[in-house]
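Comments concern the structure below.
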Amino acid sequence: MENPQIEMGAFKANGPQLQNGGLRSSMVQSWNLQRFVESALRSIRIVIFTSKLNLLLPFGPASIILHYTTSRHGLVFLFSMLGITPLAERLGYATEQLAIYTGPTVGGLLNATFGNATEMIIAIYALKNGMIRVVQQSLLGSILSNMLLVMGCAFFAGGIVHRNKDQVFSKATAVVNSGLLLMAVMGLMFPAVLHFTHSEVRQGASEVSLSRFSSCIMLVAYASYLYFQLSGRNNAYSPIGSEEMPNEDAAEEDEESEIGMWESIAWLAMLTLWVSILSEYLVNAIEGASDSLNLPVAFISVILLPIVGNAAEHASAIMFAMKDKLDITLGVAIGSSTQISMFVIPFCVVIGWMMGQKMDLNFQLFETATLFITVLVVAFMLQDGVANYLKGLMLILCYLIVAASFFVHVDPQSSDD
């Protein structure tokens, strides 16, 4: 039998060590908790308080309150639109921060997915409610807004600031994007022509089948384009001046992050959830807003709704043009248009297919013709690789003509209903 006094002595000898170990463990846990809290507070400060657009955030909760307390659909629509605008910008910011940690390939896929997340979320809620024309027109409006208004304002502002010289950009990149946009026009044109020439094999079904097949082809084409861009090719399709940029500046611009990877993921999840909530109220208020504001649904969908997703892109495109970084401006404006036409629209067709909704690529003749003419105008503007304020002014004036056209346009499907 062991001596109890020996056991007690051993316990007394090891007691201070056990106490020190427990104290050290609690200190480590406390320090980790403190670091977590400090990191969380820092990310909140950066994400919430560094963007002036966030002054519009209170309009989001206000729109929800108005939805349940009044029947003023016009105010609910406007407040929802204002509330989503800063969320769209912060969603893009969180995506860019996460892309820093993931590398160019995954970062490119993230940008393809979340770059136009606001438009996709609004489109999915509209699809859920069977508002196929709102989906088609809002996505068309985003393309037109980016190509004409965003790029026009950027060219105009950059041309005024740098009026003594021509601003140049990569012609090769512009040609590739123009080609993809023309392919998107082709994908939208054939279902419309098939419908209006009454040459379908199965009336009302052939255009849907063709749209679904074309959407899959367009998604493959966009995936190939992404791979082509992200495969590390050092050729004419890289942005101009990239080879001349000092390594220090490149590292400084490309690799520095303001928030951590897990913080970026958390913000992406929270912002996407909040955009989803507000999008539901926005979509539900569209028809009521059309009546109360005395505006056509087509005008709201094509002109007003794209403001939600394009406000941040508009500001950043102008800023980069004023800094004489035209390739980044084109990446924002034309790149976003390419992404919507070759990824978001086909993706919505596939999602509608899964939902049992007959979402197709028949955007009607008026909308398809508008897109076709716009792509041609922009392609001619970009063919020489030079930007100036006159080109910007012409693009802005073209957008005003488009806006006026949709203000007096009566949607044939709406009138039939």
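Cβ from N, Cα, C; glycine included.
The topological domain 'Cytoplasmic' (1-45) scores a mean pLDDT of 63 in the predicted structure. Look at Swiss-Prot and you will find 1-45 (among others) tagged as topological domain 'Cytoplasmic'.
Beyond the transmembrane segment (46-66), the same-chain residues lying 6 or more positions past its ends with a Cβ under 8 Å from any Cβ of the stretch are 72, 75-76, 79-80, 82-87, 89-90, 93-94, 258-259, 267, 274, 277-278, 281-282, 311-312. If you look up Swiss-Prot, you'll see 46-66 (among others) marked as transmembrane segment.
Taken from Swiss-Prot, the feature topological domain 'Extracellular' applies to 67-73 (among others).
Taken from Swiss-Prot, the feature transmembrane segment applies to 74-94 (among others), supported by sequence analysis.
Annotation comment: Swiss-Prot describes 95-105 (among others) as topological domain 'Cytoplasmic', evidence class sequence analysis.
Per Swiss-Prot, the feature transmembrane segment maps to 106-126 (among others). For the transmembrane segment (106-126), same-chain residues at least 6 beyond its ends with a Cβ under 8 Å from one of its own Cβ atoms are 84, 87-88, 91-92, 94-96, 98-100, 132, 134-135, 138-139, 142, 222, 226, 229-230, 268, 272, 275-276, 279-280, 282-283, 305-306, 308-309, 336, 339-340, 343-344, 347-348, 351.
Broken down with DSSP, the region 'Cation selection' (115-150) shows 31 helix, 0 strand, 5 coil. According to Swiss-Prot, the region 'Cation selection' annotation covers 115-150 (among others).
Annotation source Swiss-Prot lists topological domain 'Extracellular' at 127-140 (among others), citing sequence analysis.
Positions annotated as transmembrane segment by Swiss-Prot: 141-161 (among others). Tertiary proximity for the transmembrane segment (141-161) is limited to same-chain residues at least six positions away from its ends with a CB under 8 Å from its CB atoms, namely 116, 119, 167, 181, 301-303, 305-307, 309-310, 313-314, 317-318, 320-322, 324, 326, 329-330, 332-334, 336-337, 340-341, 370-371, 374-375, 377-378, 387-396, 398-399, 402.
Under the heading topological domain 'Cytoplasmic', Swiss-Prot lists 162-173 (among others).
Feature annotation from Swiss-Prot assigns transmembrane segment to 174-194 (among others); the stated evidence is sequence analysis. When Cβ-Cβ distances below 8 Å are used as the criterion, the transmembrane segment (174-194) is approached by residues 147, 200, 206-207, 210-211, 214-215, 217-218, 221-222, 225, 237, 330, 334-335, 337-338, 341-342, 345-346, 360-365, 368, 371-372, 375, 378-379, 382-383, 385 of the same chain, each at least six residues removed from its ends.
Summarising the annotation, Swiss-Prot assigns topological domain 'Extracellular' to 195-207 (among others) and lists sequence analysis as the type of evidence.
Annotated transmembrane segment per Swiss-Prot: 208-230 (among others), in sequence order, evidence recorded as sequence analysis.
Residues or ranges marked as topological domain 'Cytoplasmic' by Swiss-Prot on the basis of sequence analysis: 231-258 (among others).
Sequence-remote contacts of a segment are chain residues at least 6 beyond its ends whose Cβ falls under 8 Å from one of its Cβ atoms, and for the transmembrane segment (259-279) they are 39-40, 42-43, 46-47, 60, 63-64, 80, 83-84, 87-88, 90-91, 94-95, 97-98, 101, 114, 117-118, 121-122, 125. If you look up Swiss-Prot, you'll see 259-279 (among others) marked as transmembrane segment, on the strength of sequence analysis.
Residues 63-64, 67, 71, 73-74, 76-78, 80-81, 84, 122, 125-126, 129, 131, 134, 297, 300-301, 308 of the same chain lie 6 or more positions beyond the ends of the topological domain 'Extracellular' (280-291) yet place their CB under 8 Å from a CB of it. Swiss-Prot lists 280-291 (among others) with the feature topological domain 'Extracellular'.
Shown for the topological domain 'Cytoplasmic' (162-173): DSSP residue counts in helix, strand and coil, namely 3 helix, 2 strand, 7 coil. Counted over residue pairs separated by six or more positions, the transmembrane segment (208-230) shares fewer than 3 Cβ pairs under 8 angstroms with the transmembrane segment (390-410), which leaves the two as not touching.
Count of Cβ pairs under 8 Å against the transmembrane segment (361-381): among 292-312, 331-351, 390-410, the largest is for 390-410. Listed stretches 74-94, 331-351, 390-410 were compared with the transmembrane segment (292-312); the greatest number of C-beta pairs under 8 angstroms is found for 74-94. Residues of the same chain lying 6 or more positions beyond the ends of the topological domain 'Extracellular' (352-360) and with a Cβ under 8 Å from any Cβ of it are 127-128, 130, 132, 135-136, 191, 207-208, 210-212. Listed as Cβ neighbours of the topological domain 'Extracellular' (67-73) (distance under 8 Å, sequence separation of 6 or more from its ends, same chain) are residues 281, 284-285, 287-289, 291-292.
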